[in-house]
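One structure below.
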Amino acid sequence: MDAHDLEKVAVTPSSTPVESSSFDEALKPKSAIWRKILGWGVEENGIIPVPVEKRTDKRVFNLFTIWFTALLCLLPIPTGMLGTLAYGLSLRDSSLVIIFFTLLTTIVPAYMGTLGPKTGMRQMIQARYAFGFFGVSIILLLNAATITGFTVIAAIVGGQTLAAVSDSTISVNVGIVITCIIALVVSFSGYKVLHIYERYSWIPVFVAILVLVGCGGKHLTHQTVPEAPATAQSVLSFASLIAGFMIPFGGTVSDFGIYIDPSASRLKVFTYIYTGMAIPSILLLILGAAIGGAIPNVPEWDAANLANSVGGVVTAMLSPAGGFGKFVAVILALSVIGNIAISMYSIALNMQMFLPILTRAPRAAFSIITTAVLIPVSIEAAHSFFASLENFLGIISYWSASYVAIMIVEFAFIRKGDYMSYDHTIWRDWRMLPTGIASLGAGICSFGLIVPCMSQLWYEGPIAKSTGDIGFEVAFCLTAILYVPFRLLEIRIRGGRL
């Protein structure tokens, strides 16, 4: 079957009419209060796969704007700062690492995102077709922890900026609460409101970033000169952080494309997701590296960094603009809302998937629970921001690389690129889904070589001492290699059933 045939099969309506009626029945409101909330435009569906006749959204460009807006915020800046501040790389070397590894690692989530419109399944529901009904629980926990970590970082940066703008009249803690509550409103409403918000909210943020660079640009040339040339260890360790920033989106990317018309070109879907993620990430990661390299040479920025970290530096950069600069800083502080909102949305879905009994519970309710968890965690993590950030990004790249390797091999090799093999009728039938032994086995076995290749603040493996951190590269390649024989053996034992 060639690619053209696959495209035709993928958009053929299901031969089982029960599918659509079951979908509608499952979404039927159970209470008057919930029916009233739905009347306000709140999304009904949570984790139930969307049948092909319900996938009618023609605005494929939304896949660009949702990721462009989510990443056109302050979140990438502290990650970029680590290249020059923590790893001692020059701005040039940091920029080269950022460009190459962002362009490389963004391929993974963009490719995985093409399955959203074709299958109508949330990302972690797709994972059941490799990890099984029960095995996917481990992935759900890791994925939820990863998304929570990114959300915490975004909330802290937003809170720090609001605190710095107000001259500490508003504390960092209060700033965190403000950003999370506003994001909750967007996340609570669901798919349509998320896409509408992300379609337009990038415009003032883009202007604000231009003002930020314009105000602070004269100091960005005052770069610290590294004492020694870049080493393989520092380059690869920073590259691991970039991978840890981009690859984890493979755990959520399909969540935002399940209503897109499945006849949409795969190439178009891939391109919109890829450019939506890569463009803002590269630009703001490099800006972060430039800021990090200038901080030691600009006393005002150095003092602001010690007082309010990234938020303080942003406010200091805008100080020449006076009151207008503070207004711009507020816009930048609130820029993280787009990122936090999509993260809350996916975390809520992960919570719903974790226990089967929660399938029919309102998706929006989990957004409230998510917010209640995120606020105190963010407040606590803010006390040691950069240490928390570096440890977090370094660790998550390992499991994320193993996970995406399994998902890509499962679709491209095991299922031979056949979207229809993701059968909607078995999405919650543990007997028909894979056992998950092959996927979990491949992931666990790969860590036998990943651990010696790790380089973290608290541990450095024997291989990493010579090479730098190559854990995510090893995780991806070794897991993919191991998964093929493990999965083929599982299929054989199951009598040829995927």
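One is the number of the first residue shown, and numbering goes on along the chain from there.
Cβ from N, Cα, C; glycine included.
Features reported for this protein in TrEMBL:
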COMPBIAS  11-21  compositional bias 'Low complexity'
REGION    1-22  region 'Disordered'
TRANSMEM  64-89  transmembrane segment
TRANSMEM  95-117  transmembrane segment
TRANSMEM  129-158  transmembrane segment
TRANSMEM  170-188  transmembrane segment
TRANSMEM  200-220  transmembrane segment
TRANSMEM  235-260  transmembrane segment
TRANSMEM  272-295  transmembrane segment
TRANSMEM  327-351  transmembrane segment
TRANSMEM  363-386  transmembrane segment
TRANSMEM  392-414  transmembrane segment
TRANSMEM  435-458  transmembrane segment
TRANSMEM  470-489  transmembrane segment
Need a quick answer: max count of Cβ pairs under 8 Å to the transmembrane segment (235-260), which of 64-89, 129-158, 170-188, 200-220 is it?
64-89
Are there 3 or more C-beta pairs under 8 Å linking the transmembrane segment (129-158) with the transmembrane segment (327-351), counting only pairs at least 6 apart in sequence?
yes
Do at least three C-beta pairs under 8 angstroms join the transmembrane segment (392-414) to the transmembrane segment (95-117), pairs 6 or more apart in sequence?
yes
State the residues, same chain only, that lie 6 or more residues beyond the ends of the transmembrane segment (64-89) and have a CB under 8 A from a CB inside it; answer 'none' if no residue qualifies.
97-98, 150, 153-154, 157-158, 161, 194-195, 197-199, 201-202, 205-206, 209, 223-224, 226-228, 230, 234-235, 237-238, 241-242, 245, 249, 256, 272-273, 275-277, 279-281, 284-293, 295, 309-311, 314, 332-333, 335-336, 338-339, 342, 385-386, 389-390, 393
If you count CB pairs under 8 A between the transmembrane segment (170-188) and each of 200-220, 272-295, 363-386, the winner is 363-386
Among the recorded stretches 95-117, 363-386, 435-458, which has the greatest number of Cβ pairs closer than 8 Å to the transmembrane segment (470-489)?
435-458
Distant-in-sequence neighbours of the transmembrane segment (200-220), which means Cβ under 8 A and at least six residues beyond its ends:
65, 68-69, 72-73, 284, 287, 290-291, 294, 297-298, 301, 314, 316-321, 325, 328, 331-332, 335, 337-338
For the transmembrane segment (95-117), the distant same-chain contacts (Cβ-Cβ under 8 Å, at least six residues beyond its ends) come to 55, 60, 63, 80, 83, 89, 123, 126, 235, 238-239, 242-243, 246-247, 249-250, 253-258, 260-262, 264, 266, 269-271, 273-274, 277-278, 281-282, 285-286, 289, 404, 407-408, 411, 419, 422
Distal contacts, the transmembrane segment (272-295) - CB-CB under 8 A, six or more residues away
60-61, 63-68, 71-85, 89-91, 94-95, 98-99, 102-103, 106-107, 109-110, 113-114, 209, 213, 216, 219-224, 242, 245-246, 249, 253, 257, 301-302, 305, 313, 317
